[in-house]
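*Asks:* Before anything else, here's the structure in question.
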Amino acid sequence: MIQHYLKIVFRNILKHKTQSIISIVGLAIGLACFALSTFWIQYEMTYDSFHRDADRIYLVRTDDNQFGAHYSNFVPYALGGYLRNTYSEIEDFCIFEQQSFFTLKNKQQIECPYIAPDSAFIRMMDIKILEGSQDFYLSNSGKTEEVAITEAMAHELFGTTKVVGKNVITPNNMKEYRIGAVISDWGKHSNFKYSFMGWMGSDDTSWDNSHYRLLIKVKNGTDTHALLEKMNRNFPEELKRNRYTNATGITRFYLEPITKLRYADEFVRGDELIVQFRYIVYFSVTGILIILCALVNYLTIYMDCFRSRKREMALRKVNGASEASLLALLSTDFLFTILLASILGMFFIELLKPWFLRYSMIADTDISVYNNCMIYIAGMAILAFIVAILSVFIFRRHSLQNTIHSPHTSTIGHICRKGSIVVQLVVCIAFIFCTTIMQMQLYHLRNVDTGMDYQNRASLAIWMNVDMNVWAEKVKALPMVTEVVRPVYWPLISMGAYSAFNVDSWDGLDGTIEKPLGIDEILAGEEFFKFYNMQLLAGEWVSDKSDIREVNIIETTARTMGWTPEEAIGKHIFYCNKEVTPMTVIGVIKDCAYKSPAKDLPHTVFVNTNKSEYMWPRCFVLFKYKPGNWEECRRRIEEMQQSELPDRKLFLDSEEERYNKYLKSEDALSGLLSFSSLVCILISVFGIYSLVTLTCELRRKEIAVRKVNGATIGNILKIFFKEYTLLLIISSLIAFPAGYIIMKQWIETYNRQVNIGVWPFILIFMGIMIVITLSIGWRVWEAARQNPAEVIKSE
């Protein structure tokens, strides 16, 4: 019996082979997108979930308005004891520093994650000392000169875990540190990675040194929202001001569960973030929509096949077939298609998995991508069984005589088929519209109203104790380099501000503001402004003759303070610490896009670099290169550094590459949407094609009668085009408003926004119209050219 069912399934697939292949491939692609994206989401959402009592451990954060930020992940050492003694809901706490540790591997410098813990961290986070002693963290003065190393790093550097007593070297000061212990490792699935542990860099335990991370563990059953409200009502005065300033700008706490830090705002560093968490969710939604589109297309084919087979079902019933056997037959049809799609989908997953794991940097996890595949297959199987039951139920409602002698399709059938086309077109148009608007916005962010030029510009620094003037000459000698700026500046995009401070008053303001304004400070000079081709709106540039307190500000800062660019000239801006001489504005610069466009542009001042010579040892060589030569330029510089200073840290960045990293999540989603749009177009076109083919078969006699009564081929084509134009209009009325609302909200998350206009709507509508016309035109033309006498005779 099963063999008989399978033969019928194969016949049905071959009968509608084009539509079946498109449906199967669409379902397979949807499965791959869905499985990989949900796997990624699960991985991102389970960071640090392996810790004991992870659901009760929180990172203490504060608000922060410096360097364009909104949160600070660092607090004073003294805060930990204060919170533990003040709030009984806190069961335990630990404090640690998270830094980088530079050492040598095969005579080349490598950067390793480093944690400097207190003793509570070792206990609370279950760090196991596998070999050696605990001396590496007991002293925070650095006099012990001992570090602990993980097993994985010991294997990487020495090829063995028997390393206690051996030394590692930090190349910046060529200092040796003794390995005092081998410790357990968390792997890469943690926000607090480490390969080394050691002492804290400072023994300052006062309220004035906010360089520490603080984790608290609350007691079982604690209402953390109530605890947070209590902490903010009694916010410690020591955090609001310190010995350096009368107003720090810090006014509230935030408690972030360590299991949610991975997708918390402003926690993960930009260079560690592959794709923003919300875009991974969009990736998953895209997979679901592809599945929906392919599923609707297949269901349309399935319903058409079922209607054409109702007479067959009736004859089977007459010949003794039970309803259970009919249910088995229909279920096999659907399930076999799902099976083929699942096998193909898992093939796609296996094909993409190595690349996907490298791209997403997923490692050290027990989560299986095929768990999601099983959920998908189970869901499709349940759907197949439900559809089969409904099919049998519909069949039972018709008498055998009506079924055998009535070959015509019901009105409900027409509505269902047209409804399926509308659903497919809605998804298709929505994908195309969102992709188009995303591309427009990305082009706008990269090329329109940036306030500066960053293409074909790069920066170079080698830390530490390297004369960058010598390297400026080396870079200048490269044939692809066209301009070099002396190493007294920081690159605007790659590094940004070298300092930040708070102000609370300025000329024209009565009194002081309650919450100080954070301002970024950038080293500048005339050659710096010329290098980036920045635009002066009023006043004069900061130059060699400018005093240390004479500054340029950006337009946004001027308008925030209530000045036009012209009014800002000569105005004063006052530090929170009134003992410091206020700044005097001598020029206003057009806003420049040197920060992520997804964040508010930070208030910025530019100061004379010649008055900050103490910063020059940490400055960069800025240079321009010929278009299209960046890879060769980078290779030549890296070769020189490896040849001459392999034990030093190289900082070599293209400003354009660094700016594009701000948009890498958007680029990834844009590529996925483009691919999804293509898939949905194919599914929709073949769905329309199959519907037209079926309609032509059902209306053969009508077409023949019309031709006999004088209708031309053009008249018949108009009937079909009118019908499908109406379906396209209905789909557009649903897809365009929904797409506009979604994309408008997305665009508003950026500090510079493209104007959508009406052209995207018109062009997309016309493009889809042309595709539909081409896909149905020849099929209707073929049907309309048939000899009406032969058609009527066959009917």
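Cβ atoms are placed via backbone N, Cα and C, with glycine included.
Nobody curates TrEMBL annotations by hand; they come from automatic prediction.
In case it helps, TrEMBL gives these features for our protein:
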| type | residues | note |
| --- | --- | --- |
| DOMAIN | 20-232 | domain 'MacB-like periplasmic core' |
| TRANSMEM | 21-43 | transmembrane segment |
| TRANSMEM | 279-303 | transmembrane segment |
| DOMAIN | 286-398 | domain 'ABC3 transporter permease C-terminal' |
| TRANSMEM | 324-349 | transmembrane segment |
| TRANSMEM | 369-395 | transmembrane segment |
| TRANSMEM | 421-443 | transmembrane segment |
| TRANSMEM | 668-692 | transmembrane segment |
| DOMAIN | 675-788 | domain 'ABC3 transporter permease C-terminal' |
| TRANSMEM | 724-743 | transmembrane segment |
| TRANSMEM | 758-778 | transmembrane segment |
*Asks:* Does the transmembrane segment (421-443) come close to the transmembrane segment (724-743), meaning at least 3 CB pairs under 8 Å for residues 6 or more apart?
*Replies:* yes
*Asks:* Test of understanding: applying the rule of at least three C-beta pairs under 8 Å (pairs 6 or more apart in sequence), is the transmembrane segment (421-443) touching the transmembrane segment (758-778)?
*Replies:* yes
*Asks:* So which residues does the transmembrane segment (421-443) touch in its own chain, when a touch means Cβ under 8 Å and the partner is 6 or more beyond its ends?
*Replies:* 286, 289, 292-293, 296-297, 300, 663, 666-667, 669-670, 673-674, 676-677, 680-681, 683-684, 687-688, 691, 724, 727-728, 730-732, 734-736, 738-740, 742-743, 746-747, 750, 753-754, 756, 760-761, 764, 767-768
*Asks:* In the domain 'ABC3 transporter permease C-terminal' (675-788), how many residues does DSSP call helix, how many strand, and how many coil?
*Replies:* 95 helix, 0 strand, 19 coil
